[in-house]
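Trainee: Marked as transmembrane segment by TrEMBL: 6-23, 30-50, 56-80, 92-112, 132-153, 184-203, 209-228, 235-255, 261-279.
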Amino acid sequence: MTEIIAGLATGSIYAMVALGYNMTHLASGVLNFAHANIMVVGMFVAYWGYSSGDVPAWLVFVIAFLLAGLIGLVEEVVAIRPMRNVSGSSELVTMVGVATIITGALSFHFGTDSLRVPFFGPEQALLIFGERVRPLDLIVVAAVIAFAALLHFGTEKTRIGLAALAQTDDREAAQLRGVNIRSLSLWGFALAAAFGGLLGPLIVSKTFAATSIAIVLAVKGFVVLVLGGVGSHRGVLLAAFAIGLIEAFGARYIGPGYRDIVVFAVFCAVLLTFPQGLFGERRVRTV
């Protein structure tokens, strides 16, 4: 039971990154590869609140939400929008630039050491089926399930979500039908970043505040996204839980040093069998 809960909690962290990728992809057709760095901003906001000593937890979450949302908004306007009509991988290059700027700014202000932040909630372990489970793990799992459900409802049941699906399928056709592509992209980036920043203070106590963790989250989030299927919130959630469980049981029964090898072996095996991901839609275009 301990490995199961720990694996689900770890997978939830990866799911948070992958769901952020999904949000920006649905809103703009672009995967925001700086999303993990923006989540790390939320982690450092939590460290700032803890080290200050007199900042309430609710204010830390509000500041992280607003600051990350502002970063996402600026990123879309400065790094994404001007590259729309430029061929090649210009958007990818500018997003890497944004990630580098965020990392540099955080390293300059907070340093490069790994900073621990205690959990803001109860620390006493709970007994579930005779096993001790940290409340933080349960909260992280519940939070990502709620986040995925919110995204699924917003995508499938609201006009904005349906507009996002339309522009993902055919951007020009959606624009001709009256979808405001520029506004959709702007607020997609802003909201994805804001929710990423909001979740940052929640997961920092399970990991740590350090700029180096961004690349790990970005890569694992991308693995989860590809396995689950781009655009599928349900697929991302299930793939993330699977990856988390593989890591947890792999670390116990094979060894921590082989954990990532097992994950990427499963990743390659699934892609060879399901190139579009477990829940991704196969798209066929007639030319």
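Note that the numbers count up from 1, one per residue, in the order the chain is shown.
Including glycine, each Cβ sits where the backbone N, Cα and C put it.
TrEMBL entries are annotated by machine, without manual review.
Help me picture these features in the structure, burial and contacts included.
Mentor: With a threshold of 8 Å between CB atoms, the same-chain residues lying at least 6 positions outside the transmembrane segment (6-23) that come near it are 31-32, 35-36, 38-39, 136-138, 140-141, 143-145, 147-148, 151, 188, 191-193, 195-196, 199, 203, 206-207, 217-218, 220-225, 228, 230-233, 236-237, 239-249.
Outside the transmembrane segment (30-50), and at least 6 residues removed from its termini, the chain residues within Cβ reach (under 8 Å) are 16-17, 20-21, 24, 57, 59-60, 63-65, 67-68, 71-72, 75, 80, 91-92, 95-96, 98-99, 102-103, 106, 110, 115, 117-118, 185, 189, 192-193, 196-201, 203-205, 207-211, 213-215, 217-218, 221-222, 225, 230.
Sequence-remote contacts of a segment are chain residues at least 6 beyond its ends whose Cβ falls under 8 Å from one of its Cβ atoms, and for the transmembrane segment (56-80) they are 28, 30, 32, 34, 38-39, 41-42, 45-46, 48-49, 91, 94-95, 97-98, 102, 120, 185-186, 188-198, 200-201.
The list of residues near the transmembrane segment (132-153) in space but at least 6 beyond its ends in sequence, with Cβ under 8 angstroms from a Cβ of it, reads 1-2, 5-6, 8-9, 12-13, 15-16, 19, 22-23, 119, 121-126, 195, 199, 202-203, 205-206, 233-234, 236-237, 240.
A Cβ distance under 8 Å defines the sequence-distant neighbours of the transmembrane segment (209-228), meaning residues of its chain 6+ beyond its ends; these are 11, 13-18, 20-22, 31, 33, 35-37, 39-40, 43-44, 46-47, 99, 102-103, 106-107, 110, 112-117, 234-240, 242-243, 263-264, 267, 270-271, 277-280.
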Trainee: So if I exclude everything within five residues of the ends of the transmembrane segment (184-203), which remaining residues of that chain have a CB under 8 angstroms from its CBs? That is, six or more out.
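Mentor: Sequence-remote neighbours of the transmembrane segment (184-203) are 12-13, 16-17, 20, 23-24, 26-28, 30, 32, 35, 38-46, 49, 57, 60-61, 64-73, 75-77, 80-81, 117, 120, 139-140, 143-144, 147, 160, 163-164, 167.
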